[in-house]
Ligand SMILES: C[S@@+](CC[C@H](N)C(=O)[O-])C[C@H]1O[C@@H](n2cnc3c(N)ncnc32)[C@H](O)[C@@H]1O
């Protein structure tokens, strides 16, 4: 543990909430202060139940908070299977990969809604028109043909996962979609940093990672208005 008056860095098993809480208290964690929690490719190493407990604990503990999660998605296709197999071969099991796998089965498993409800909420239509106005046609076709289920189902699930564990607002977007929404000048800047002749590989990778965020309180800070 590295501890000072202004900064503390420590290790903890995120599956053990009482231990995590105790350690944070020792570092004078103040749950009244607006708090940003960031998880980068970590929840996927825990079972869905363990990550749900963590999300629930965070939502219940802080008065004003934002949770940002970056991790795999669309793991139900060939690309995902190869990633899972490669990691498994190195004795690294993604215990929570089910959460990032088939969102349709997740949807059925974790929510008691009917298929029809999804159509009625308009997400599918909203999503596809959004996507088609932003992405060049060729990229859109690649995007659609490599996904084994509609993208917005994933988004619906990711949002539900956060909302059902105590967060007040939730949003989720895959990196491919996010990248397509960046200002052209920013894309040019990024793409000029290093020569990249395999755009398809980058796109494939971005289709398999997503950014999700959730907020609790913080209306006065504009937390609820954060969008893309
Ligand atoms: C792919 S790396 C992500 C790196 C991470 N974003 C970082 O900034 O260090 C996965 C990390 O998750 C951590 N991890 C996996 N299971 C964990 C758990 N139950 N509690 C805490 N950390 C865990 C591993 O130790 C590893 O550092």
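Keep in mind that glycine also has a Cβ here, set from the backbone N, Cα and C atoms.
The following features are taken from TrEMBL:
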BINDING   13, 14, 40  S-adenosyl-L-methionine binding site
COMPBIAS  106-128  compositional bias 'Basic and acidic residues'
REGION    106-132  region 'Disordered'
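Overlay of TrEMBL annotations on the structure.
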residue	record	Cβ within 10 Å
13	S-adenosyl-L-methionine binding site	11
14	S-adenosyl-L-methionine binding site	17
40	S-adenosyl-L-methionine binding site	10
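Considering only the residues assigned to S-adenosyl-L-methionine binding, 13, 14, 40, the longest pairwise Cα distance works out to 15 Å. Residue 40 (S-adenosyl-L-methionine binding site) falls within a strand when secondary structure is assigned with DSSP.
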